[in-house]
Amino acid sequence: MQIPSQDFLTQVISTLKDYSPCDVADALLKFGLPDGGFFPNLNQVSSNDSCSVGVAYTVTYAPMDDPRPELKQVSYIDQAPPGSMIVIGLTRSAQLPGAPYVKITNALYGGLMSTRAKYLEAQGTVVFGRVRDVSEHRALNYNVWSYGTGICAPKGAVKLVAVNEPVEVLVEDYYNKNEEGSSRKAYKTIYPGDIIIGDENGIARVPVGRDVYDDEWLSKIINYIPKRVEADELVAKDIMDGKKAKESQKIRRANL
Ligand SMILES: O=C([O-])CC(=O)C(=O)O
Ligand code: NI
């Protein structure tokens, strides 16, 4: 198992900047990730219609009664690396399988955090919880995704317990049943160093350097995406010329 080199990762990220999470999901589905890398139920809070891509920099909050000590000396936002996608999650104990997905009604993140993130050249922030100061993220033209909005600050409701440790997200799929016939409920993980891509459709995680996801695999993803996008552009053209969608999709995607 080979961890991709920094140069290669830079190249992958710069390629992905020309595409969308939908394009990435098509490739991930093709190459072994049945969920297309998708983390459901997030909405883009910022009105920016652009796409953001970056390397996951992870932050975990816990309710105040969590046994772990608060990281009082750490200001996660002041250490956000340039080029990162800041990913903020809550511990398992604070998550819910259905809407509103988290038990904490306080906002975990706000406009001052985005101001600092943007100054440090982070690419966007994904919050598996609530955020506030919507107009400030928009005015900054800085991309933020969240489960919802709120008006109260995080202080007093949650504490920072981990930085750059895996973030676990509870996901429930009601229609794809598991072998026992019940809905599939699972914690999906974002690891620090994964690539995160997001736009108005939602966010996808591209695994990096774990299991089989080495640079050979990443190369396959990067090579596939432009071909698939090109094929779909041809399908769109066919449809505008009056051809049937199903037929054209079959022909144009034949070798993909
Ligand atoms: O005050 C806070 O802790 C969060 C907030 O609103 C901001 O970052 O602007
Ligand atoms: Ni604020």
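Quick reminder: no glycine exception, Cβ is built from N, Cα and C everywhere.
Computed from a predicted structure; not experimentally measured.
Of the residues proposed, R92, R132, R138, the one TrEMBL records at the same substrate site as G110, G111, L112, M113 is R132. The separation of D133 (Mg(2+) binding site) from L112 (substrate binding site), Cα to Cα, is 9 Å. Neighbour count (other Cβ atoms within 10 Å of the Cβ, all protein chains): 12 for L112 (substrate binding site). Other Cβ atoms within 10 Å of the Cβ of G111 (substrate binding site), summed over all protein chains shown, number 19. Comparing D133 (Mg(2+) binding site) with G110 (substrate binding site), their Cα atoms are 5 Å apart once rounded.
The binding residues for substrate are recorded as G110, G111, L112, M113, R132; their greatest pairwise CA distance is 10 Å. Sequence-distant neighbours of G110 (substrate binding site) (same chain, six or more apart, CB under 8 Å from its CB) are V131, R132, D133, E136, A153, listed in sequence order.
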